[in-house]
């Protein structure tokens, strides 16, 4: 059965929809927290559930290297391995292969690269990326793409795009042939209670493969990329190759220029964005899904996102501030702790600092999108 | 009002009692998790509450240096600063002054030492230790003592004990004169909801100062120390100067030799112990309170305490172990996660590793003592 993406209401270009995945019904527009190596850094899974996160990301490159996708398959898939009963999206590994590997070697067949962990040699092809993502048991897998660097001249972007399009076809062919080898219905016994119960609602749903639009910062290449991917008929489309160092105005422009070429009745996902005001803006332009390490990574460095703007919680001015991190926020951190305490935890390098800062930042991002969704419905 | 310590039942030398402190009714025998710098490392306060921790420790030395006791007083005391509504015990600072400072200078007046953080010079006297602990707002403060090193010859232990006894008198005099300057009833407004509500049950109760028995590993000195402290009439007594490198058998011996000289109707606290089987054994000997960094520190190094013994969760043999960390444990970690997942988090150095390992170890320790208490009542 193909992806069920039901648009409930539109407002301008923005859409309020429900996307039914094998492990969760996801309300869009949605922000997806990043759980790089089978953990949204520092946050226990039950707190993610309390934050009403319905879908999180896993990184194919990282999980392939450690603990390995075959191990995760034997453990019943990533949902069960990490005890996350709701939906999971995995990237293709392409972005990390390119961003973490100075010595990669790209051929038509795929990419040879060295592990950033131990320098060992590895090879990713579109087929291999699909195999890994199927082993992980993602609800949404992503086609293997080359993430074009920034800046890239036209010829470079053109060649890279052509490769990505051929890889998209190979990804789709391999994925469609093997997507029923998902691990989650095979797994029996062991831990991860709740994973099966919840999944039972969606039995029979299959994993989905999204295509990724590339083309650098060139409008005609983006259009060509989108049109050719749409011909291949993916259940959803991502706009990739952004947040690679380009100015923010350019990010917005590329998104605006690409969206019209993506089908209105399928989910549209912008990868790797962004600040709170950006995700609101992109949702208003008709983007349905976004992900970014920003809220989690910034939290670990003491940067909090709040209704009053960004707070650097390390700042001395918060040393005796008895107010909550964000007076408008009702997350478990803002209900219980003060800025003074969060500053102290950061200054004393206490591990609880990362936990509390991250929970708040994710609460802020998820609440931001909840308000966007309410705004579309409420008018 | 003095400390209410009601013995409900005895069994052999073991006692099942309820100790009513300004911020909690604590069921003893009790194990107290250590929250060194205003946080039980890696564990959010609401999870400590879910584990039914009723009393935790704060370290006077660490809190004095950072964020500073005067800041904490201005924030309404440590309970409110860290949003911990239940009971807090603070040590005297003596142990850290001695263990973290090679260059300390001890005089009759007190100890001059350098901060392990920045090398700055500081001075602790019994009076100053009391002032700091009163500013923190502890439910139980500890007399300022010299923790005799191990090994120490008789003359050294004798001199050290004499100093400690004079300091105990000074501690008590200063504490009694100032204990009503506790910060928690003065604080108004700000965060920390729940702290006041819970404390309201115990309004009128005052902080308590415990004396600390020293005397090295010498039976006659321990006896003398205990008897002279008992003459001073503290509401509770600790046995200090243990877990300083002596063999475990000697620890047990000193405890066994000291307990008979402590009043049967007051709480007895052995500081800085121990392994799970030790805390069970000491409780059976009549010890009411214990604390140790072992469960929390070991957790961060991947050592889990379970009903099947100690697990080094980093061990490769757990890589695909779908069992819970401890099949007998019903904590949130054992209910939800596998050994394979905990091993992965540790191997990948994920911050969630410390959170989950610590929650389990504390659950194991607290459950161990719950069973000890049930055993005394149940017969």
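Going from the start of the chain as shown, residues are counted 1 onward.
Heads up, the Cβ atoms here are built off N, Cα and C, so glycines get one too.
The active site, nucleophile feature in TrEMBL is assigned to A:291. Long-range Cβ contacts of residue A:291 (active site, nucleophile) within its own chain (separation 6+, distance under 8 Å): A:31, A:32, A:33, A:34, A:57, A:89, A:269, A:271, A:272.
What TrEMBL records for A:91, A:92, A:93, A:94, A:95, A:145, A:214, A:241 is substrate binding site. Within the same chain, the residues at least 6 positions away from residue A:95 (substrate binding site) whose Cβ sits under 8 Å from its Cβ are A:61, A:147, A:240, A:271, A:272, listed in sequence order. The secondary structure of residue A:95 (substrate binding site), as reduced to three states from DSSP, is helical.
Marked as Zn(2+) binding site by TrEMBL: A:329, A:331, A:334, A:360. Residue A:360 (Zn(2+) binding site) carries a helical DSSP state (H, G or I).
Annotation source TrEMBL lists region 'RNA binding' at A:272-278 (among others). For the region 'RNA binding' (A:272-278), DSSP puts the residue distribution at 3 helix, 0 strand, 4 coil.
Note on the region 'RNA binding' (A:296-300): residues 33-34, 40-43, 353-354, 357-358, 360-362 of its chain, located 6 or more positions outside it, place their CB under 8 angstroms from a CB of the stretch. The annotation region 'RNA binding' is assigned in TrEMBL to A:296-300 (among others).
Counted within 10 Å of its Cβ, the other Cβ atoms near residue A:93 (substrate binding site) come to 26, all protein chains included. Largest CA to CA distance in the substrate binding set (A:91, A:92, A:93, A:94, A:95, A:145, A:214, A:241): 15 Å, whole number. The residues near the substrate site, meaning same-chain residues not in A:91, A:92, A:93, A:94, A:95, A:145, A:214, A:241 whose C-beta sits within 8 angstroms of the mean position of the site's C-beta atoms, are A:98, A:142, A:143, A:144, A:146, A:147, A:212, A:240, A:271, in sequence order. Sorted by the number of other CB atoms within 10 A, the binding-site residues A:94, A:241 start with A:94, the lowest. Across the structure, residue A:331 (Zn(2+) binding site) and residue A:91 (substrate binding site) place their CA atoms 29 angstrom apart. Between the binding-site residues A:329, A:334, A:334 has the most other Cβ atoms inside 10 Å of its own Cβ, all protein chains included.
Taking the centre of the Cβ atoms of A:329, A:331, A:334, A:360 as the Zn(2+) site, the nearby residues of that chain (Cβ within 8 Å, site residues left out) are A:324, A:325, A:326, A:330, A:332, A:333, A:335, A:359, A:363, A:364. Helix, strand and coil residue tallies for the region 'RNA binding' (A:296-300), in that order: 5 helix, 0 strand, 0 coil [DSSP].
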